[in-house]
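Input: a single structure, listed below in C-alpha cells.
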Amino acid sequence: MAWSQLEVTKAHVAYSCVGIFSSIFSLVSLFVKEQLYIGESMVASIFGLIVGPHCLNWFNPLSWGNTDSITLEISRILLCLQVFAVSVELPRKYMLKHWVSVTMLLVPVMTSGWLVIALFVWILVPGLNFPASLLMGACITATDPVLAQSVVSGTFAQKVPGHLRNLLSCESGCNDGLAIPFVFLSLDLLLYPGRGGQIVKDWICVTILWECIFGSILGCIIGYCGRKAIRFAEGRHIIDRESFLAFYLILALTCAGFGSMLGVDDLLVSFFAGTAFAWDGWFAAKTHESNVSNVIDVLLNYAYFVYLGSILPWKDFNNPDIGLDVWRLILLSLVVIFLRRIPAVLSLKPLIPDIKSWREAMFIGHFGPIGVGAVFAAITSKSQLESHLTNEETPLKDTPGRGSKHWQVMACIWPITCFSIMTSVIVHGSSVAVIMLGRYLSTVTLMALPTGRTTNTKNAWLERLPALDKSGRPFSLQRLDKEPSLSPGQIGGRTSGMVATPKLGMRQRWRQKLQDNKEIEPDIEMNNFCQGTFQIRKETHASTNDSHGTTTANLGTSNGRAQGLPWRSKMNIIDRAEAVNTIYGLDKLAEDTENKDVWRVNTSRIPGIRSPYDDVYTYQSDSSSIGSIERQRIKSLREQEQQAYIAYTEDDQVIIENRQGEILEYVKFHKEGLGDAESGLHNHDRPKRAISPPLEKLHQITNEARKNKYYAYKVGNDLVIEDESGEVFRRYRISPHGGKRKIKKIINPVSSVLSSVGITKPRGVSERINHYLLHSEDEMADDEAESENDMDYEDSDGPASRFKDHAD
C-alpha cells in the first residue's frame, strides 16, 4: 500500500466488524426486540452472512486456519459460561424441589426427539444408514441455553410465567451435557457394528460412568469448594467487589479446563458446579442487583452469532453429491420444529408437575431452540469420526473426501446441523411463541406496600384500621362474607389464632336480638355496617372540603350512593395488583386453623417505610452467635420465597408465584355449576383443600383492566375491600383478644400482606406456622445443617455485615 500505517490484518477487520455491529444494534436493541420482536441472534447471523465470505468478504473466518478447531473451542467456552450462569440464577435448591419435571424433560422427551429426528433423516437423506441418522439426530436434540435466554431473561421474560422460565433454564442448561450419551451411543453403533459387547462396555463404562457421572461429581466438588472459598474470603474481607462478581466466570473457565483435561463432559461439569455453587442462594442474593453476567453474555452472543453467520456452508445446503437438497432440509426442519418435542411433552403433561395446563405444555414443547450446543455436538462427532481415520490431532482442517470411511456422514453432519440452527434462530429467536403466550396470560404483579395515593394525607388509611396499636396485643381475623361450608355444630368462623367467643355465645346473642326486635330485619350487623360506612363518607366529605376545597369526579356509581363520592379520598386507593395481594394474604390468614398460637400485632409504624433490620430476625438467647446469624439468613430467605409476587389467570385457574418463579398457590375453578360449583386449591407440596366460592373474585380481578381501582377502608373493626362500582369483594373482622402471651420471635409470610393493609405483622408467631409453608421439615433440617457447616468459614463481623447489606 502507499502508506504502511493503513495496512490492515484479518484480525483487525474482524474486530471492526463485530464492534460496528454491536454498537449499532445496542443503540436500537430495545426497538428491535420490543417492536419488531426479533432477537439478537437472528440479526447477528444476518450481519455475519452479509460481511462474510458469501457476500462482502470483509469477515472471513474460513481463512484463519483450522475453522473446526476454532469453532469447537469458542463454542465450548461460551457454553460453559452460559450453562454455569443458568445454574447460578436458578432458585436455591431448584434441582431438589423440581427434579421430577426436569428428569421427565431430559430423559423421555430427549429420547423421543432423538429417535424421531433420526427416523426422518434416515428416510429423507439417501445413503445414510440408521446409526448415522441417529448421530445426526443426537446433534440437534438438545435445547440451547444461549437462545433460551430470549425467554428466561430480559423484557420478554415478563410475558412468561416464572415457573416455566425456571424449567426452561434448567432444562437448557442440563440437556446440552446430557446430549453426549446420545452422541457417543450413536458413534459406537456406527463404528462398532455387530459388536454388542464393545458397544455396551464403551457406552456404560466410559460415557455414562466416567464422562457423565464422574463429571457431575467433579462439578459438584468444584462448585462446593468455590462456594466455601468465596464465603471464607468475603467473611475475612479479603476480596473486592469486582473480583467477587467475576468469581463465577472464573469457576466456569475452571470447569471447562478440568473437564477437557480429564476427558469428561465439561458441560455437565459446569452445570453441576453452578448448582452446587449457588445451592444455598447466598451468592444469588449478593449479586441480585448486579448485571455483570448479562453484559458479558450479550457481548459473547453478538460476537458468536456474527462468527457463525459467516461460516455457514451455504453451498452444501443444495449439494446432491452428498445427498442433500434444499427440499429435504426444509422437510427435516419442519419435522424438527413440530415433532421433535411437542408430541412428547403433550403426552407426558400429566406426569410433569410444573406444567399446569395444556397451553403451557404446548409452549414448553415448542420452545426448544437449537444453537451453540448443536454446533459443539456436531464438531465433536465429526472429530471422533476423523480420529478413527488418522493419527493427527482432530478436528482436521479439511474434511476427508469421497472414498474415505464414513465420508458421507462427516460431509452431511455440518450442513444438516447448520440448517437446523438457522431454522431455529428464525422461529424461536423471533419470540413469536412468547408473544402469543403473553396474549392469553392475564398477569398482575403483587406488591407488598401501599401505593400511597390517598388525597387526604392527614387521615392515612392506617389510622382507619382497627385500633390494635398496643404492641403484643392478640387478635383473630374472620371473613364475614364467607359462605358456610361446615356442618352444624362446628365452629362457623375460621380465625388466624385464638377464637374470640362472646360471653353469651353467638347463637344466644342472635336469639336475644330477634326476640327484642321482631319487627326489624335480622341483619342488624349489616345495618350497623352501612351506618358506619355512611358516617365515614360524611366525615371525609367535610374534611376533604375543608382541606382541599374540591371534590372527586362523578363516577356514576349505583347502589344509592352520592354522585360525587368525595368519601373516596379518605379511603386507601389501591390498584388491582395490591387488591389481589391483600385478598390472597388475608384469606390464607383467615383460613389458618391449625396454628393455635396467638399472633401479636403492632401498627405503630407507617406501612411502606422499611426498617433496615426488617430482614434480620434474632433470637433472644443466641443473637450474637455466628450459627444463629446464618440460621436467621436462611429463615429470611425462606420467608422471601413465600411472599406472593405475581398472579396470572389461564383458562379457569389462577396461579400465584413468588419473585423466584416458584408456585405458591394453584387455584382451579370448576365451571360445571353456575353458583354452587366447588373450587379446588392445589399445591404441589400440599394436599387438596377446599375453598369457598367468593375466592372466584380473585379470578375476576386478575382478568379486569389494569386501570381499575379498589378501595380499602375501616368501619369499626371491619376491614372492607371494594371496587369502583361499590361491589364488596371482602369483609374481614379483626377481633382484639384480651390478655397477652409471650411468644418466641419467628417470622411468617403473611407479614407483607398484613403490612399492605396497615397491620404490621407480628414480631412473634409460633414456629409451627412454617409447616404451612412449602418447605418441609427435612428441608429445614438440611438448611440448618448447611448453616452449621458454613459457620466455620465466617467470623462474627463478616456475616453480620453481609447480612445487613442484604437487608438494606
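Residue positions begin at 1 at the first shown residue.
Glycine residues also receive a Cβ, built from the backbone N, Cα and C atoms like all the rest.
Here Swiss-Prot gives region 'Disordered' for one range in the set 599-633, 774-808: that range is 774-808. If you count C-beta pairs under 8 angstroms between the transmembrane segment (36-56) and each of 174-194, 203-223, 294-314, 361-381, the highest count goes to 294-314. Remote same-chain partners of the transmembrane segment (361-381), defined as residues 6 or more beyond its termini with a Cβ less than 8 Å from a stretch Cβ, comprise 41, 68, 71-72, 75-76, 78-79, 82, 105, 113, 135, 138-140, 142-148, 151, 160, 164, 167-168, 172, 176, 179-180, 183, 186-187, 267, 304, 308, 336-337, 340-346, 349, 352, 355, 395, 413-414, 417, 420-421, 423-425, 428-429, 433-434, 437. At the 8 Å Cβ cutoff, the transmembrane segment (267-287) and the transmembrane segment (174-194) share at least 3 close pairs (sequence separation 6 or more) and count as touching. Packing against the transmembrane segment (174-194) from elsewhere in the chain are residues 79, 83, 102, 105-106, 110-111, 114, 129, 131-132, 134-135, 137-139, 141-145, 202-203, 206-208, 211-212, 215, 265, 267-271, 373, 376-377, 380-381, 384-385, 388, 406, 409: each is 6 or more residues past its ends and has a CB under 8 Å from a CB in it.
In terms of C-beta pairs under 8 Å, the stretch of 12-32, 203-223, 244-264, 294-314 lying closest in packing to the transmembrane segment (128-148) is 294-314.
Same-chain residues lying 6+ beyond the ends of the transmembrane segment (203-223) with a Cβ under 8 Å from its Cβ atoms: 177-178, 180-181, 184-185, 188, 251, 254-255, 258-259, 262-266, 268-279.
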